[in-house]
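> This is the feature table in Swiss-Prot:
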COMPBIAS  129-141  compositional bias 'Basic and acidic residues'
COMPBIAS  151-166  compositional bias 'Polar residues'
COMPBIAS  266-285  compositional bias 'Acidic residues'
DOMAIN    13-115  domain 'Calponin-homology (CH)'
DOMAIN    180-250  domain 'EB1 C-terminal'
REGION    124-188  region 'Disordered'
REGION    262-293  region 'Disordered'
Amino acid sequence: MATNIGMMDSAYFVGRNEILSWINDRLHLNLSRIEEAASGAVQCQMLDMTFPGVVPMHKVNFEAKNEYEMIQNYKVMQEVFTKLKITKPLEVNRLVKGRPLDNLEFLQWLKRFCDSINGGIMNENYNPVERRSRGGREKSVKGSSKISKSLQTNNMHHPPVATSNKPAGPKQAKSHGIGGGSNSSAEVQALSKEVEDLKVSVDLLEKERDFYFSKLRDIEILCQTPELDDLPIVVAVKKILYATDANESVLEEAQECLNQSLGLEGYEEEGKEEEEEEEEEEEEAAAAAETQT
């Protein structure tokens, strides 16, 4: 099994939309963001689809919201990895934080791994809805079936009510103010145009977001190259890339870390001392010139 997939493998260049389509098509879900798969439940079911019967799906919690609930799903996944002798390390602490880059990378690996097993062909005999034993969607379906059954039994016990064939009285026409129709039509057109403009704006923003996201992803892939992993500049870039909070001091910390690694702080201090000495010499020379005059 292709468990060792290098960072420069084509698998890590698969886009976010393709990953989401892969998940939604196979598991009959409706995910719109990569972060929604941070609980680990989706990954467990993908493994269950690829290796039927290996994953204890009754232990997988699709409603996990807290980190401790998500960690339980990753424990199930780790047990499956052990059974299948998969050597891929699970960075649970990063994945449960819901960071898009970390979760996208893991899902890219998972897709590449599953495709290497089944050739990218969907298992037509697999019913993902039935296999999910704890999902909220399945609960709602069960509830609706119970309601329909109760309605059927009630209809069996109660005879149908006879309907009258008498013609109904004339309905009173709703009165509209003069010009009301034209005003409402103009409002509808204005609102429709506003909606279209907003859709265009959202589309442009999504494209811009995806563009910068792909750039960040390229930088991350480059930084994770083993030959570059320990370089001071790469360590500084990772510090900024993996910062969880929008903290302005992150850049300063990264610069300080880089300066320490390169030994630039000593040079800066020496430069300051030299400048101070030069200033003192200039002041002494100026004072000596004044005394001579």
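Each residue, glycine too, has its Cβ placed from N, Cα and C.
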> Which residue counts does DSSP give the domain 'Calponin-homology (CH)' (13-115) for helix, strand and coil?
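Within the domain 'Calponin-homology (CH)' (13-115) the tally stands at 68 helix, 0 strand, 35 coil.
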> Report the DSSP secondary-structure composition of the domain 'EB1 C-terminal' (180-250) as helix, strand and coil residue counts.
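DSSP classes over the domain 'EB1 C-terminal' (180-250) add up to 56 helix, 0 strand, 15 coil.
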